[in-house]
Every structure is written in structure tokens, then in C-alpha cells.
Amino acid sequence: MPYLLEMKNITKTFGSVKAIDNVSLRLNAGEIVSLCGENGSGKSTLMKVLCGIYPHGSYEGEIIFAGEEIQASHIRDTERKGIAIIHQELALVKELTVLENIFLGNEITHNGIMDYDLMTLRYQKLLAQVSLSISPDTRVGDLGLGQQQLVEIAKALNKQVRLLILDEPTASLTEQETSVLLDIIRDLQQHGIACIYISHKLNEVKAISDTICVIRDGQHIGTRDAAGMSEDDIITMMVERELTAIYPNEPHTTGDEILRIEHLTAWHPVNRHIKRVNDVSFSLKRGEILGIAGLVGAGRTETIQCLFGVWPGQWEGKIYIDGKQVDIRNCQQAITQGIAMVPEDRKRDGIVPVMAVGKNITLAALNKFTGGISQLDDAAEQKCILESIQQLKVKTSSPDLAIGRLSGGNQQKAILARCLLLNPRILILDEPTRGIDIGAKYEIYKLINQLVQQGIAVIVISSELPEVLGLSDRVLVMHEGKLKANLINHNLTQEQVMEAALRSEHHVEKQSV
């Protein structure tokens, strides 16, 4: 039986650099292939070649789809063949309705007039295929990210897709939304639709894939049956080394209490009747890693936003640092108290994309380079930038490169470098490894361990329970704004954490002292 897709000996160069070096990939109709590799390995370049974003003639090699050679000059050419790609940054127009987005560029017309009756009938069939029940007049911007992802798939199905490429489709989805998406992909597979799945979440890769293809440094390392591979096998192929412990568990001792929060309550910024955080109290010791776990909407991010002075609504409660009550109502006051934070959404809140990597690093600590005068000491700033880039292993061709051009992992390391310039005593990490590859994750985990060995207290908020359990000395479990458990991490399991989160009563387990 002929393959649906064959990419033969693809090579793509940028100047003297080979981004893709003689890579081949093939898959059958209805097959799900996961494409794995660190950021910068060449995955995205290979997919851009396949989709016509890099046109025929700009690369070497051959692409055969459904028995015919593709020589695409534009992404529309491959879409007509039945190839569709859905990027991590969704390509929906938020101000248009769901129906308008699905048919954008593929409108059904009759005598030059759009036939809304036919489009509505087609719309209902498409949404049934992705298990959505939404009015066609609903504005896309009013949907959650999980629903928007399914609208993108429905849009692809409207183009008679035969090969669906999903690039980090669950990076911003909840576990429930992820489960729905994976079920839909499996259902599409039963209808003969093939899928190339790109994700850093190896548990998803294992769960969804028939075959796993690994690319490293632009080269094809190997393609194997998913059933015969463990997550450790995938990691070793990706990074060319064994990460014997993904979560470095280097010994560190905790000191005395540095932070205490008492009876913290925060209200919705618009609706004062809704409590986003409800009477939460906890403490933190020097050199301790405190994890905060809970489902989406649990109040984790809202809690630490109050601590850092950036919660947009009203809140009340008491914050003590070194036993002294402090008033923190903005981020500058938090920084003055020795608190730094890596935000949940790095693109929205963590970086200035068009600004240089170096300037992003020093952005919050410019007073270090003024020496009491208004003029910056450029030499001192540049020295600090280079030291930070080296210390955090930020991969960039130049400190002057716009940070928006870096991979997610390197953007995150630059944000961490900025935080460390503030000499924090308390470091808050909200989703510290979201959307970054396993190698960058490992480096960040090692850094966290180094920081607590220096006596810095760290708070980690993560939607990935294995990450919380792998890093934390102690775990707070939140649900619907309430603190449900305060657990010492003596071989805690995911089941124990979820059980604590979903208890109907408000019960805080007593912690060891």
C-alpha cells in the first residue's frame, strides 16, 4: 500500500546553516506520527517545507503526497491537496463568528451571493465531527482556548483535510480539554485522516502516537513504533544524553520562616460577589520549594498575583515577611520586599518581543547601572547582560537580537535572568516550563535546585502534577479558591493530590513542622 506522505532527503539551508539536513519522513493514511525534538531541532522548518510556507525551489529533496509530487509555491497549494497545519498561535479572527471563521476563504456562494443556509448545514456537520455544540453566530473571541482549538480543526475539515498537522495543540489547554482533543484526533484517525503531532508533553505523545520520529540538530535520529518506546527512550534520542533524573533532587535544607500569608481573600475584578481566593493562609521557609497544585480556576495564580501586587481586583489579608507585616499593592513594592516573579503568560506579561534580549534582561534593574545619576553605564550593563546570558545558558546569536525571535525556553531563561538580577529572597514561578522542550526544562529544574541551596525560597505553580511533585518539598492543594490541603512531599502521588483537590469539604491537612 503506497504511503500517503513521503518526504525524501529534505535539506533546507539559511545562509551557511543547515536547519534541516537530509531528513526523510513518511506516513500512511490514518496514521498518527509524533514529531519530537528540542526547540531549534528543525521540526518547525520541516513542517514549513511540507506546507509550502518555504516554497519549492528553496529546499532540496522531494515531497510526494497521495502519489503525486508536490511543488508548492504557497500554503494554499498544499491546502488544496488536503494538508492543513494548526499552529500553537491559533489563526482565528477573534472578532468574527465561528461560522465566518470556518468558511473564511472557502465561502459557499450561489450566483455570487453567500449561501448561509448551505453553510449553516455544513457548519452543523463539521461541529458534530469535533464534538462541539455552539451557535454559528457566537463570536470566536468569546470562546475558551479549548473550543477555539476545535474550531480550527473544524476549519481544516472544511478544506477536506487528509493530513492534519498539530503544533503544540495542548500548550494552553486544561487536562479535560486535552482529553477531548486527543479523543477527537483518534476519531479522525478512524476516518482515515493522518496526523503529525508535535508536542513537548511526552505523556501525550505516548498516548496518541502510532509512530514517533525524533529530530536533533536538523537531522533525523530515528523513527520507531510508539508502543516500544518509553519516555526515557524519547528523551535520550532528543538530547543525546540520559537524564537519569528529570527532576534533580539535590539535598537542600530549609531555614526559618520567611513568608506568611494569613486569611487572604481576593474578589473578581468586575464582580465583587465572586471570590477568586477564599480565606487562604500558608507559610514559606527559606530554601524551600513550595508547590501549588489545583485545577484551572483553583485560585493559584490569583493568590500569587496578590502576593506580587498585580492582582487587578480587590483583596484583603495579611502578608508577613521576616515576621513583619508588609503592605504590597504593586510589583515595585513586592520587588522592594525581595520578591520576584516569572509570570504565567511570558508572551503577554514577561517579555517585550521587539526589544533586545539584553534589554529584556536588565529591564527591571536599570538602577544597578546608573550609579545615582540619570545616565546609564552602558559598559556595566553590557557586562551584566553577557554574564546573565552565560549563567542561564540563554541561546542567542546576539544580546541585541529581538527576544521574540528566541525559542520559548530561551525566552523563559531570559526572564529568569531578569528576576535573578533583582537578588530576590522569594522567587515565584508560575507555569515555569509551559511550552518549552525537555532540555530547557531540565536546565530550569537544575537552576531551581541551585537557588534553594543558596537559601532562596521558591513558589512553583504548575498545571503539570508530575512537575509539582518532582520539584516541591511541600504542596498546597487549592480548589475553587480555597486551600484544601497542605502536604509534606514524602513520595506524594498524583492521586493523593487530586483526591485532596476534589474533596467536597474545606479541610486543610496538618503539615509537619
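Residue numbers in this text run from 1 along the chain shown.
Even glycines carry a Cβ here, placed using N, Cα and C.
Note that the structure is a prediction, hence the values are computed from the model and not measured.
According to Swiss-Prot, the feature ATP binding site maps to G37, E38, N39, G40, S41, G42, K43, S44, an assignment based on sequence analysis. Look at Swiss-Prot and you will find 5-242 tagged as domain 'ABC transporter 1'. Annotation comment: Swiss-Prot describes 259-505 as domain 'ABC transporter 2'.
There are 20 other CB atoms within 10 A of the CB of N39 (ATP binding site), with all protein chains counted. DSSP assigns S44 (ATP binding site) to a helical segment in the three-state reduction. For K43 (ATP binding site), the same-chain residues that are 6 or more apart in sequence and have a Cβ closer than 8 Å to its Cβ are L35, C36, G37, I198, I215. Least packed by the Cβ count within 10 Å, out of the binding-site residues G37, G40, G42, is G40. Excluding G37, E38, N39, G40, S41, G42, K43, S44 themselves, the residues of that chain whose CB lies within 8 A of the CB mean position for the ATP site are, in sequence, T45, I215, D437. Neighbour density at the Cβ, taken as the number of other Cβ atoms within 10 Å, is lowest among the binding-site residues S41, S44 for S44. Of all the Cβ atoms in the protein chains shown, 24 others lie within 10 Å of the Cβ of E38 (ATP binding site).
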